[in-house]
Amino acid sequence: MSDKPKATRSSTRTKAQPAVLPTTSRTTRAKAATTTKSTATAVPPSLPPPPPKKSAARKPLVNRGNTDASDPPSKPPSKTTATGRKGTKIVNTFDNEREPIMAYLRIRPALTDDDSTTSPYLTPLSDTTVRMADPQDHQNLASRFRSSNITPSSTYTFSHVFPPATSQSDFFTKTTLPLVRDALEGQNALLFTYGVTNSGKTYTVQGGSSEGSAGIVPRTLDVLFNSIDGLQGDSRYRPVRLHGVELADASDSKAPPVAPEPGLEGVLDQMNSLSLNDLDIDTTAIKLDRNYEYSIWLSYAEIYNEKVYDLLDSVKDTQGTRVNAFPQSNSSSSLVLARTALAIKPSPLSDSQDASITGKYIAGLRQFRVHNASQAKSLVKLGQLHRRVFGTLANRESSRSHGMVVIKIMRCHRGEKNDPTAVQISRLTLVDLAGSERTKHTHTTGDRLKEAGNINKSLMVLGQCLETLRSNQKRLAVSLSQDGEGKDGRMDTRDVKRGLAIVPFRHSKLTEVLMDYFIGDGRTVVIVNVNPYDTGYDENSHVMKFAALAREVYTTPAPAPVHQAPVITGPGKLQGKVIKKLGPLTLNDPEVVPKPFGRKVTLSMGGGSSKKQSEAVVEVLEVDETQDKSNTDEDDDDDMTINPFVDELFDEIEYLRLQLFEAEMRCAIIEADTREEVMREMEERMANMEQMYRKRLMKEIEQNELKTDAKIDMLHQSGLFASPVKKPTRPIADDISEDEEDEEEIDRSLISEETEEQSTSGEEFDFGSDQDQDDDDSAASGSPLSGKGKASVRNSITKRQSTAPREIRESLAFVPDAPMVPSDTEDAAMSDEDEDEDEDEEESTATISEDEEDSEAEENDDEDEDEYVPDPVPKLRTKSAPRVSSPSPTRKSAQAKFLTSKTQASALEQEMDNMTINDGGGAPRASSTGAKKPRRVLGKTPIVTADQMDAVAMAIDKRIAQSGGGANVRRLRLS
Ligand SMILES: Nc1ncnc2c1ncn2[C@@H]1O[C@H](COP(=O)(O)OP(=O)(O)OP(=O)(O)O)[C@@H](O)[C@H]1O
């Protein structure tokens, strides 16, 4: 009797939320990756864990080989202590049992040519870390403006990373074999795959069709039956509900319906090749205590559209008759298949010793005792077929249902075969989750976000549950460490637990069914499947985050419960209950069939090289679970424990949560739309700006052309082109610039014209005459420059404005206002003006600010531009044209400047009058550069040498400098 398995559930297992020390290493990102590297090498997580101690009352498993090295070091198996803030030792009775959820990453290999040419966005960095970088980050505009918080590159840490080349056998050995061992030794275990569509979840769980590709489920069955070979007993009991056992009846000894119904088999066999490879057998065997007898029970459920269905139930028509003949394509009527959803119920208190165990079971889920692996695999195969018919045909592209293979292992000591309290039942649940993607191959941000609304509710709630569990565990650990102070290490966790958040297991069928695993009824493993060639970078980022979250949740692996007092249910009662649930359906009975939901699916068959393809239409009726009135007393008791107010609150929370989710989705969609709109608008604006600048450029080019034309016209009008002068005939001084040449050309031509005019009028104009003559002329005309010759010079000077140095133009051509336009008389008068007034004017000129000068320069520039279109010559003479302008400070200073300029001009004229220009034979009167040869001789035109021109320029400069306007001129020159 010493080996008799006791009711081993320790009191600590009753804690709903296992405590956990605040973890210092968040395992998600690179930071964690770097901190965990050293420990990861110490305990390679890839190694299979060492076999646990064989014991009926199993010790909690800690420090297992597959424990993530990045997690805080596990406590010793004995009572552990935590140190409070002031060093008080706190007894933490949970620490020795807790264990993080294991998360393994499996990277799918490249399957198509497209895949192999694309570079994967997932790079394994080590055995435990991967780097994920968005391949389109630099090209994709949407990713640049991504509205979500998804980063373009991240490093994630897992319990172990399996590269694409990992074989199915290797993967099974490192991830699932430890769980199979646990289950055989009486411990519950859960494994589920998580990933987007096409990432390899089904391949991982069920396997492929090639040799060696058998997945986790068939290998698990192989290992189980290899291990219990010779240890199978003929127990009088069978498992019921979650933890309970009851007396078996005669039907249990019958072979399970391992083959699909005849009619369906014919169709389905041809639809697709089945994934389970019967020839692919795993030969691994686990050494077990041979004092025990074992029996294996199998059930297969599906959660589809938030309803739970039994995949091992016979396919029936609406009359409840088993389908034996499948309609062919030529059949006039389509077959209507019906199935009823099963209810999820709380596990009765009588099934377990501990009232706080709040697990739930699928009421009415059929389970079959299987005697060998082949039988078991056939059942799984049948379930797969039913899943295809009822589930995935609604969406051929992807599995949208969660497939759940539940294997129950019942063991009892050989010496206590008839003692129901000695029976121990453990569960191993293998789940192939539906694709977690929010969308499939949608390329635009808006569409992708819109499809995000279709996220599978079950998976979302699963994530929420893990999140809540994690935060609760952290809070609990912190509270425990604080409460322990000053209490001699004793603590009461009840108060602490009252403040914890409610884990929303009830919000989805998936989490309801699996909840007992998360609250400490077994070990949990998450397998994350990723297809690194898929375009769903964002979706895969969510998957990675889910895995990271899962790794921060601690579960409490513990021995499966032994029922306290077996409910010996008579076969009739049990059978009747099952028959009531699975029996014939009558559509007229509203109680039995509350809300039938129908959909049509078309099955194709044949179509091979030799066979003709045919189709059959099957109408599937899915019925909600019945409100079973025939609950046992235990069930009723359990239902009573559910507080309706809490139920209401849950509903309210669920409603609010959905609303929040919808609102967030709407926000995200609006944000994405707005971003797109703004982008479009920006692009439009940029295009418009480009067009506008192009137009402006063209306009400027046109204007420049016009200016050039105007210049040419000027030159024409000045007679330069009319009486072309051959350049080679005149000597050109090397240091004379092009502009100066032009000016001189104009001057000479004007002087020539003037001289001709003089000669024709008989009037001799002598540049070399004395000052008296000039004075006479001045007196005759009332102005020193009134003579024709002077006028000519003046014209010449005016002409020079267009090409002369800027300062000269400034000083000579500036015409601020019409009333101030100088006439020759005014010039003379101005020259006689009061000296004080002149000084004032000069002063005001000197105080012209830089800005004003600039603005004036701009004005002058504008005026210059104006002068070119379309008749330049009159424009040059617009000095006398009246201008209307309102006086302004700028204008005033401009006027002052004009007066200065005018003074300068008068002085210049005077200077020029005083100059004596020698004839061709004479030497220049003033020459700073020495004597130079006359440039040319034009008829009777007096010859002006270069030296004379230089002398004139120098004189102008000098004069301007003397008159005080030099500062402005110099500034202008500088500008
Ligand atoms: N490790 C692997 N080695 C070889 N082929 C693989 C591997 N993983 C997946 N595949 C192949 O990739 C394809 C998609 O895999 P699978 O159907 O398992 O994806 P899934 O995630 O289950 O998709 P869904 O969610 O739509 O059911 C299949 O053809 C499968 O054979």
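Including glycine, each Cβ sits where the backbone N, Cα and C put it.
Taken from TrEMBL, the feature ATP binding site applies to GLY195, VAL196, THR197, ASN198, SER199, GLY200, LYS201, THR202. Under the DSSP three-state reduction, LYS201 (ATP binding site) is assigned to helix.
Annotation comment: TrEMBL describes 672-699 as coiled coil.
If you look up TrEMBL, you'll see 23-44 (among others) marked as compositional bias 'Low complexity'.
The compositional bias 'Low complexity' annotation in TrEMBL covers 67-83 (among others).
Per TrEMBL, the feature compositional bias 'Acidic residues' maps to 735-746 (among others).
Under the heading compositional bias 'Acidic residues', TrEMBL lists 753-778 (among others).
Positions annotated as compositional bias 'Polar residues' by TrEMBL: 793-804 (among others).
The compositional bias 'Acidic residues' annotation in TrEMBL covers 824-869 (among others).
The feature compositional bias 'Polar residues' is assigned by TrEMBL to 883-917 (among others).
Sequence annotations record features per position, and here TrEMBL assigns domain 'Kinesin motor' to 100-553.
Annotated region 'Disordered' per TrEMBL: 1-89 (among others), in sequence order.
Among the features that TrEMBL reports, region 'Disordered' is placed at 622-641 (among others).
TrEMBL lists 722-941 (among others) with the feature region 'Disordered'.
Neighbouring residues of the recorded ATP site, listed in sequence order and excluding GLY195, VAL196, THR197, ASN198, SER199, GLY200, LYS201, THR202, comprise ARG108, THR193, TYR203, GLY435, ASN529, ASN531 (Cβ within 8 Å of the Cβ centroid). Annotation: SER199 carries the greatest number of neighbouring Cβ atoms among the binding-site residues ASN198, SER199, THR202 [cut-off 10 Å, Cβ to Cβ].
By a simple count of nearby Cβ atoms, those within 10 Å, the most crowded of the binding-site residues GLY195, GLY200 is GLY195. Put plainly, the binding-site residues VAL196, THR197, LYS201 were compared by Cβ crowding within 10 Å, and the winner is LYS201.
On the 0 to 100 pLDDT scale, the domain 'Kinesin motor' (100-553) averages 76 in this prediction.
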